[in-house]
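Engineer: Pasting a structure below so you can have a look.
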Amino acid sequence: MEYRSLTLDYFLSRFQLLRPQINRETLNHRQAAVLIPIVRRPQPGLLLTQRSIHLRKHAGQVAFPGGAVDDTDASVIAAALREAEEEVAIPPSAVEVIGVLPPVDSVTGYQVTPVVGIIPPDLPYRASEDEVSAVFEMPLAQALHLGRYHPLDIYRRGDSHRVWLSWYEQYFVWGMTAGIIRELALQIGVKP
């Protein structure tokens, strides 16, 4: 695939053709969800946020909108949509959910389900000042280019954990966010 020519139609057909295998076992993890917002354009974008530097956890990191599943959420999809509205003012009704990726275990004890959704290009994003310091869009073709990610093995509590690192403009994309983007690339058939 030529990355400069990634169209939304190609992305959608590949995503729907190669449905991810989901293991529904939760292993008593707390549940969380993130929205992977794909901006509907001829050359689609990927919406990301930079977390506020004042947050207790993951301060200043690039992330997808998302958070813990609340008792009021009907599902992980509902949680992802609620969090996206709270963090960057994306109305749930504006999101066309096309599926989910396999859940990812976080270092903070959550099982995080990435929810993939298509959003209109003209939404007026409004960052929640308490949680988000920046909202930016990365071309999806660049985000899914696996060559931009570099591995780093981190040792924590006697275990090795591989994390992925990348830069986009002034933003350092790494950890779970980079791992989810890589998983999305692999899901649509991008070869490492």
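Glycine is treated like the rest: Cβ placed from N, Cα and C.
Predicted, not measured: the structure shown is a model, and the values here were computed from it.
So Swiss-Prot says this about it:
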DOMAIN    29-160  domain 'Nudix hydrolase'
MOTIF     67-89  motif 'Nudix box'
BINDING   Glu83, Glu87  Mg(2+) binding site
Engineer: Using Cβ-Cβ distances, find the residues under 8 Å from Glu87 (Mg(2+) binding site) that belong to the same chain and are at least 6 apart in sequence, listing them in sequence order.
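Structural biologist: Set apart from Glu87 (Mg(2+) binding site) by at least 6 residues yet with Cβ under 8 Å, we have Thr49, Pro65, Gly66, Gly67, Ala127, Ser128, Glu131, Val132.
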Engineer: Would you count the other CB atoms within 10 A of the CB of Glu83 (Mg(2+) binding site), including those on all shown protein chains?
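Structural biologist: Taking all protein chains shown, Glu83 (Mg(2+) binding site) has 26 Cβ neighbours within 10 Å.
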Engineer: Please list, for the motif 'Nudix box' (67-89), how many residues fall into helix, strand and coil according to DSSP.
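Structural biologist: Once the DSSP states are binned, the motif 'Nudix box' (67-89) shows 13 helix, 2 strand, 8 coil.
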Engineer: What mean pLDDT does the predicted model reach across the domain 'Nudix hydrolase' (29-160)?
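Structural biologist: Computed over the domain 'Nudix hydrolase' (29-160), the mean pLDDT is 89 on the 0 to 100 scale.
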